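Here the structure comes first, spelled out in structure tokens, and everything after it is commentary.
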């Protein structure tokens with residue numbers, strides 16, 4: 001059952017990716033910080049398709065290499081969600097986006113998290129795990145969300161709260177809360193795909209926010 005779920009997640013991510021390209025061509029005349037969401041979406045497609053394909057590839061060097069690449073892609077790409085958050089904050093003129101020092105802080109934080117994840121990945125040992133019909137490699141001895149994920153989530157939480165207060169647009173905030181709740185609250189269901197399901201909802205709501213706060217759609221009069 002989980003294999004089917006991961007293939008379905010992969011299909012939705014590739015659809016989101018293609019729709020995202022269309023959206024950015026329509027709303028952005030050039031690459032912007034918010035375009036990082038496109039790379040995150042593609043990375044999550046790769047992540048889910050590798051997990052879904054595990055039992056068909058079978059345990060061995062090929063599957064191990066593919067799964068290790070998941071961790072490296074995750075480490076390089078996920079921190080850029082901080083830049084997406086900055087892009088959304090900039091669109092609605094949240095006061096801190098007018099300070100160049102804060103912008104450089106966001107850049108340095110993103111770069112710092114990428115470097116941190118690279119160092120962490122170099123020291124990880126990966127072991128095969130088979131559960132609910134899915135075969136993949138995981139980091140041995142890991143428990144709970146990585147520090148990088150916690151920092152990215154905190155930054156997006158702060159930004160989404162500001163977006164809600166200024167525009168009454170609640171969906172990005174709900175996406176962050178769903179992601180946090182889904183990761184923190186144990187759900188007694190026989191599946192390893194639950195976290196990925198919450199992750200997919202989260203990314204969908206980020207894309208919805210990207211669309212809603214586009215210059216052509218955002219109306220400052222929304223502010224309460």
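First residue shown is number 1, and so on along the chain.
Using N, Cα and C of the backbone, Cβ positions are placed for all residues, glycine too.
Where the annotation comes from TrEMBL, it is an automatic prediction and has not been curated.
As given in TrEMBL:
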type: TRANSMEM; residues: 6-24; note: transmembrane segment
type: TRANSMEM; residues: 31-51; note: transmembrane segment
type: TRANSMEM; residues: 71-89; note: transmembrane segment
type: TRANSMEM; residues: 101-119; note: transmembrane segment
type: TRANSMEM; residues: 147-165; note: transmembrane segment
type: TRANSMEM; residues: 170-187; note: transmembrane segment
type: TRANSMEM; residues: 193-213; note: transmembrane segment
If one takes Cβ-Cβ under 8 Å and requires six or more residues beyond its ends, the residues near the transmembrane segment (31-51) are 6-7, 9-10, 13-14, 16-17, 20-21, 24, 66-67, 69-70, 73-74, 77-78, 80-81, 83-84, 86-88, 90-91, 134, 136, 196, 199-200, 203, 206-207, 210
Cβ pairs under 8 Å only, please: of the recorded stretches 6-24, 71-89, 101-119, 193-213, which one is richest in them relative to the transmembrane segment (147-165)?
71-89
Name the range, of those listed as 71-89, 101-119, 170-187, 193-213, that has the largest tally of Cβ pairs under 8 Å with the transmembrane segment (6-24).
193-213
Report, as numbers and ranges, every residue of the chain located at least six residues beyond the transmembrane segment (193-213) whose Cβ falls under 8 Å of a Cβ in that stretch; write 'none' if there are none.
2, 5-6, 9, 12-13, 16, 19-20, 23, 27, 34, 37, 40-41, 44, 48, 51, 81, 84, 88, 91-92, 132, 134, 163, 167, 169, 171-172, 174-176, 178-179, 181-183, 187
